[in-house]
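Trainee: A single structure is presented below for examination.
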C-alpha cells in the first residue's frame with residue numbers, strides 16, 4: 001500500500017518489483033472499494049508507515065505540500081468516500097469507461113513510475129481526474145485545491161490497482177463460462193449464504209432482509225457479535241434468539257446445491273469450500289472428501305463445558321421451541337422455567353454473573369430464554385468469531401487444491417470475511433474465475449460476473465453447457481433473459497423471462 005511517507009525506490013531495470021500482472025484489465029473494475037477489510041488495511045498502513053515501491057516521486061510531492069492540510073486526515077476523510085461503491089455519473093469531468101480501461105492497462109504495462117511520468121507529469125491528465133479511472137471519488141474537501149493535493153490519494157489508488165489480480169481478457173461471455181464448465185475437470189466452488197436464500201434462509205449482509213439487519217433490535221455494537229464466542233459464553237440467549245431463523249429444513253436444498261452435486265457427479269468437483277452453516281451441501285449429496293465447511297455447521301453440537309458431542313438434529317426441537325439446549329451428560333434434568341434465574345456462562349461453561357448494560361438487549365427477547373443454573377450449554381459446532389477455522393481448510397487448500405485447480409466459481413458470497421476471503425487471491429492468477437451473485441464485488445477482479453439469483457444463473461449455465469439440471473424449484477420450460485451490463489464486456493445480468501399475458505380479443509359485434 002502506498003502511504004504519505006517517503007519510500008525507498010525499489011525499481012530494477014525500470015520495472016517495479018513484485019508486480020507481474022497481465023496488462024488486460026476491464027472497465028468492470030471501475031467501482032469504489034467499500035470492503036471493511038481493505039479500509040482497515042489502508043488505515044493501518046497509514047498509521048505504521050507501510051510504503052509501496054516505485055511511487056517515490058508522488059510521495060515526495062505529498063510531503064512537500066506546504067498548505068494547512070494534514071495529510072493523514074486527508075486520507076481518512078477520503079476513505080469515507082471510498083465506501084460509497086458508486087459509478088461516477090455525478091462527477092464532472094470523470095474518466096469515461098474507455099479512458100479508465102486504457103489507463104489501467106497502461107499502468108500494468110509500464111509500472112507506476114513511468115505511468116506517472118507519461119500522465120500527470122506530462123500534463124496529459126490531472127491527478128484529480130485520473131483518480132476516477134481507478135474508482136476513487138475526488139473528496140469534496142479538496143475541491144478548489146491545487147492538483148498537487150490529490151497526489152497522495154492517487155498514490156493509494158495506483159497501489160491498490162496493482163495489488164489486484166488482473167482479469168483474463170479471453171473470458172467474457174456467458175457462453176465462455178459454459179465452455180469453461182464443460183472443459184474443466186478440477187473445479188473449486190466457494191459458496192456463501194446466497195445459495196440458500198431461495199429456501200427462506202436469510203443471508204447475512206443484504207440490507208433490510210439480511211440477518212444482520214434483523215439483529216439491530218438487540219442493541220449490539222456490531223451484529224456479528226451474535227456469532228462471537230465470547231458473547232456466546234457470556235449470554236447464549238443472544239445467539240439462540242436468532243438461531244431458529246437460520247435453522248435448516250431437513251432434506252431440502254436449492255438448485256444451486258444440486259448444481260454443485262452435478263459437478264461432483266460428472267467428476268469435475270475438486271472441492272466445495274462452503275461458508276454456510278446449514279449443512280445443506282451434505283443434504284444435496286456432496287461427499288465429505290469433497291466438502292470443507294469453513295465455518296462448521298449445524299450437523300453436530302458440543303457441550304461448552306464437558307465437550308460431549310451429539311448430532312445437531314437432536315437439539316433442533318429445543319432451538320425451535322425457544323429453549324437453550326442443555327448437555328444431556330453434565331446438566332441436571334430440566335426444571336420449570338417459571339422459577340429459573342437468568343445466568344451468564346463463564347469461559348469454562350459454568351455460571352458467571354455479568355452486569356448487563358442498559359439498553360443492550362430488549363426485554364422481549366431477554367425474557368424468552370432461561371439458562372440452567374448449572375451444567376453445560378450445547379453449542380452447534382459452528383465456527384464463531386474468535387475460534388480457529390478447521391485445520392482441514394488450510395491443509396487442503398495449500399497441499400491439495402492449489403496445484404490442481406483449473407476453474408474457480410464463487411457463488412452467493414461477497415467475500416468479506418477472512419480467511420475465506422483470501423482463498424481467491426491465494427490461487428494462481430492464470431486460473432479462470434467466475435462470480436455468481438446478485439451484486440458484484442469491487443475488491444476482486446473476476447473474469448466473468450454472472451449477476452442474478454444463483455438458482456437462475458446456474459440453471460441457464462447448465463442449459464448452455466448441454467446439461468440437464470433437474471430440480472423441483474426450476475420451472476419447466478423456464479426461459480432466462482441475459483443482458484450485458486452497460487459499460488462492461490464481461491458482466492451479465494440474469495432474469496427469468498416474463499411472458500406478456502395474452503389478451504383475448506372480443507368477438508366481433510354483428
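From the backbone N, Cα and C atoms, a Cβ is placed for every residue, glycine too.
Okay, so TrEMBL annotates it like this:
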ACT_SITE  295  active site, proton acceptor
BINDING   303, 306, 327, 330  Zn(2+) binding site
REGION    327-372  region 'Disordered'
COMPBIAS  346-360  compositional bias 'Basic and acidic residues'
Trainee: For the residue listed as 'active site, proton acceptor', list the number of other Cβ atoms lying within 10 Å of its Cβ atom.
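Mentor: Its Cβ shell of radius 10 Å holds 20 other Cβ atoms.
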Trainee: Near the Cβ of residue 327 (Zn(2+) binding site), how many other Cβ atoms are there if near means within 10 Å?
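Mentor: Residue 327 (Zn(2+) binding site) is surrounded by 23 other Cβ atoms within 10 Å.
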Trainee: Looking only at C-alpha atoms, tell me how far residue 295 (active site, proton acceptor) is from residue 327 (Zn(2+) binding site), rounded to the nearest Å.
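Mentor: Answer for this pair: 22 Å between alpha carbons.
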Trainee: Over all shown protein chains, what is the count of other CB atoms within 10 A of the CB belonging to residue 306 (Zn(2+) binding site)?
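Mentor: Its Cβ shell of radius 10 Å holds 14 other Cβ atoms.
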Trainee: Counting other CB atoms within 10 A of each CB, which of the binding-site residues 303, 330 comes out lowest?
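Mentor: Ranked by other Cβ atoms within 10 Å, the binding-site residues 303, 330 bottom out at 330.
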